[in-house]
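Per TrEMBL, the features are as follows:
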DOMAIN    B:120-302  domain 'FAD-binding PCMH-type'
BINDING   B:152-158, B:234-237, B:286-292  FAD binding site
SITE      B:Arg337  site 'Important for enzyme activity'
BINDING   B:Arg433  substrate binding site
ACT_SITE  B:Tyr496  active site, proton donor/acceptor
Amino acid sequence: MKCYTPVIYKGLSPCKPNAIKSAVLQSEQVQYVIKQLAKEMGESPDIIQEEAMEILDEMGHRMQLGAVRFFAFTLSKIFKQLFQRVCVNEEGMQRLQHAIQEHPVVLLPSHRSYVDFLMLSYLLYTYDLALPVIAAGIDFLGMKIVGELLRRAGAFFMRRSFGGNRLYWAVFAEYVKTMLRSGYAPIEFFLEGTRSRTAKTLTPKFGLLSIVMEPFFKREVFDTYLVPISISYERILEESLYAYELLGVPKPKESTSGLLKARRILSDNFGTIHIYVGQPVSLRTLASGRISRCPYNLVPRHLPQKPSEDIQEFVSDVAYKMELLQIENMVLSPWVLVAAVLLQNLPAMEFELLIEKTLWLKGLTQTFGGFIEWPDNLCAKKAVLSGLTLHSNIAGLVDGHVVLNDKGVEDGAVGEIVFRHALAVLMCATYRNQLLNVFVRPALVAVALQMAPSFRKEEVYSCFNFLRDVFSDEFIFFPGISLKDFEEGCFLLTKCDAIQTSQQEIYPTDKGSGTVSFLSAMFRPFVEGYQVLIRLNTYIPVVNNAYKPRRLKSQLIFRYLSKEMKEAFTEKQFIPAVRNFVFQLLEKGSTQCYEALSSDMQKNALSALVQLGAVKKKKTPNGFTYNVNQEAVGKILDMFDARIPVQKPVAARL
Amino acid sequence: GARLWQELLKWNGWGYNDSKFIFNKKGQAEFTGKRYRLGGMVLPTFKEWIEKTFGASLEHKTTSRASLNVNDVPPPIVNEEFLQDLRATKISYSQDAEDRVFRAHGHCLHEIFVLREGMFKRIPDIVVWPVCHEDVVKIVELACKHNLCIIPFGGGTSVSSALECPEEEKRMIISLDTSQMNRILWIDEKNLTACVEAGIVGQDLEKQLAESGFCTGHEPDSMEFSSLGGWVATRASGMKKNIYGNIEDLVIHIKMVTPRGIVEKNCQVPRMSTGPDIHHFIMGSEGTLGVVTEVTIKIRPVPEYQKYGSVVFPNFERGVACLREVAKQRCAPASIRLVDNAQFQFGHALKPQVASIFTSFLDGLKKFYITKFKGFDPNILCVATLLFEGDREKVLQHEKQVYDIATKFGGLAAGEDNGQRGYMLTFVIAYLRDLGLDYYVIGESFETSVPWDRVLDLCRNVKERIVRECKEKGVQFAPLSTCRVTQTYDAGACVYFYFAFNYRGISDPIHVYEQIERAAREEILANGGSLSHHHGVGKLRKRWMKESISDVGLGMLRSVKEYVDPNNIFGNKNLL
């Protein structure tokens, strides 16, 4: 048996999971809320205390070395079955080891698969580091034995939404903070909140992050380390599951029997996992000069306090920064390049050309700072072939041509050509998407170059800025630095000789027009998809009632509808309506944008419209409802066609 | 008298000329002179402690210049008309370079460093010695008449750069030395008050009152040298404030000469409701409004019985919890202080050689009991020192109450002797900096006040911040970064930090030092501590005033200054 003697935080006073729970229950913070609620509800504090206890029992972990060993043993077997290799950056592990001893540590891994946290704990165990406690969704508890096992391996469970429940919030926040303050164990959670079904990094959630930052704001700890961790999979375990989900085939509930069925997967090969443990980032350094200390000095620290605006902004900035670091360190496999090339050359692409293009894209990716796992001596052909072998469920070689494998996908219950093709496209897109995180800045400049009516800098920037706003939920942009992003994009394009800039103008070079069009083609699914989706927004109410596809293209009808339809709709109505709509368009062949079927893109487009003020989001007792502002939607569509004049004040800064 | 006192004191360091730490021929540390209990004693483990703590070595020595180089001293700005008028008043004065330099500084590290190795850019142009209130009135009138700058000077123990002359001051600067106004004017035994001239130094005040069987009980650590007027001007705090109160509790009446005239109250009463208390414009005004000339202060009969004591706690957390409980029960002895482990070890290093084998055996036994039998870790434990005062019976009763509380927090009584040594060290510790300076070690203390619930976090974070800043600034040996809780209040405590490091290999140690001290202050503020508990703001901490008392608050103070001293006669530029 392995002798596990982990490196721990220097200020740690060892204690049992139950001691933490009772410390939380007795804490001033929780007691305050209990008394407050008792007073408001006219209830006895004992009853509320009881309730708090139940909440704690539901959420609390019961980390046991025995369970950890059991997991380590089984996981090592399973992982060996599933994956060829697991690669870790050793110096990252060493840095982490130092960090863990110095200050409380928060691990922030990317989230692509359930394997993420199992793998990470396994890794820390193997490296003799303190095992993290992990914030997991409460749905895991639905899995009978596994839920409890995870609990013993250090998972604690949070409800998906508890905005209104003050007791729950107080208990949960205090539970996390108690573990952090005492240096009990590294705290691990996913900034993205959920597994990204598309392999694009999801926009961050701020709740847990602001909880773990609070002890520092209140100076209960000297500092806190935030450690971005990038976990990438050559082949994602849940790839087909995700594709189904995106297409609206409901996600199976977490259940133990579901997990047992997944045994079938064990016989499959999922390639290599790359784990990059980033440089621990000192919260103190990040906060230096940014946080006014007054608000925390004037109120007792145990009182619940709504974070001030500058704190909220700071938390959001940190969240984005951490995600950008995850992206920066994410290892990309050659297959990611293949997928990106292939998607631009459907239905079939000559094998040799694919290799050539892949090799070219490799160079471009490296110029853009992408981190590709491509051994020096590996020839392109071998790399592409091994990708095709690993992903034979997605694409294959037929008569010297590479084609999407959209014929015999899975059980084929839906039985439609469009559906099957969409499935293959979405799976393939999942891999291309990994590249988008790195490419988004230069590529949006390229798209802007094609959109803008002229090569004048301010017009290109204006388009870029617009795209950045529209795609703010689709890709990760650090808030408020549009100009910097633009400049970075231009710089990278200049670096690969794709564009030239003069005082007033930005234009593609002769040599670089290929790059520019490749880049804009790479993002075309999004540009087109959004256009389709946004346009649909103006029809939603009709879709619900009596949609007549034949009239779609008619501007007259468009105008008519935009005047007549003022009805509100919910997201639950929106998604299936839009899906049906796009489906019909695809069947008719009036669009080729299969990715518009993705519920992820649909949600993001809706949320972009909300942020741009074209759709009003309202909270009602039954959740959120949406109201379309036809005129504003029209303006956004005009923007896509670059028919809106540039705003001068913005241009002045260029 | 003025010269005599000045000649007793070091011109480039702390305290009396005859009292200092030295390394004797055997390489052992020794404290010279006969003024302190430690005087003439050998400190066998001190050298090792210095070497271990700072990585300092006796071979690497820096020396101060031996005496003031008069040629370096900036020439005085002289207003002849004023001089003529001054001569007419018969008030004694001096334009001598040594006199002027002596009053150009307080005891901040950078000031002492300048004395040892450089020269101030601006110093007073003349020193005047008024002997009574009326003299001060005359001087202030003359200064107003000729538009000159006055900087009041009491004991010269400021640690806030308050005495430094503003470099850009073009007017003649008058250092108004109050030391000759040092009489007790009257003692009122019925009301237990005494009216005292503001220039009197703490130890003289207590000595003279004691002749009549009284004391003020106000004992700041600097009481040997600091003056009554200085205490008022900085809002001083004394070690025994738990019984006697801080300066604001002690003062009954203040007379201050300002450019507008004399400010005082019409009666000497314990309390009055007549709008904001004008005393509070004066206390803490740091010489920006006028000169305090006479103060009526509360006095008490000298206590019948004094008893020292000490308690060892397993760790600092328990110690703070105990102090908090003592404060909660409002049973704090005259003084109660808690030193952290580093300071406990430091105190240990200053233990003199013991005379008999028996004492050393007893010491060993004590150590064995605490560390082995009770399981205290000598690298974690910390010590509280106590001082009880009053009539004998009550002291003993009080003592029991406090020790009972201490026991609840895991404390063990550690004897009177340890307690007494702790307080003796308070006075001696200031001499240590001069020794350090000889061996490339620079250091300083600073203080704050903080709510109870933040004491531990503040202590830990500030100490850690100092260590980190030192590392970042290229200090090669980990610094001494230590703290103690020196006062308890109902709502919080006063915390004192000591910080020192070996600066070998650093080209601009004072700059580095100041950066680190500034970072430490930022840390204090971020942890909910105050800008100062009793040292004051001076010029050293001005930058944080706005943050500390808000824009409006600062404006309120400015408007008072504006009214009282529109021509900025009291132009030391402190505070605002």
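Every residue, even glycine, has its Cβ placed from backbone N, Cα and C.
Location within the structure of each feature annotated in TrEMBL.
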residue  : record                               : CB count, 10 Å
B:Pro152 : FAD binding site                     : 28
B:Gly155 : FAD binding site                     : 24
B:Ser158 : FAD binding site                     : 29
B:Ala236 : FAD binding site                     : 26
B:Gly287 : FAD binding site                     : 28
B:Gly290 : FAD binding site                     : 26
B:Arg337 : site 'Important for enzyme activity' : 24
B:Arg433 : substrate binding site               : 21
B:Tyr496 : active site, proton donor/acceptor   : 22
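Distance between Cα atoms for B:Arg337 (site 'Important for enzyme activity') and B:Ser158 (FAD binding site): 23 Å, as a whole number. Across all of the domain 'FAD-binding PCMH-type' (B:120-302), the predicted model scores a mean pLDDT of 97. Put simply, B:Arg433 (substrate binding site) is 22 Å from B:Ala236 (FAD binding site) when counted between their Cα atoms. Under DSSP, B:Gly290 (FAD binding site) is assigned to coil, being neither helix nor strand in the three-state scheme. When the Cα atoms are compared, B:Pro152 (FAD binding site) and B:Arg433 (substrate binding site) turn out to be 26 Å apart. In the three-state DSSP scheme, B:Arg433 (substrate binding site) falls into the helix class. Between the CA atoms of B:Gly290 (FAD binding site) and B:Arg433 (substrate binding site) there is a gap of 32 Å. Cα of B:Gly287 (FAD binding site) to Cα of the residue listed as 'active site, proton donor/acceptor': a span of 24 Å.
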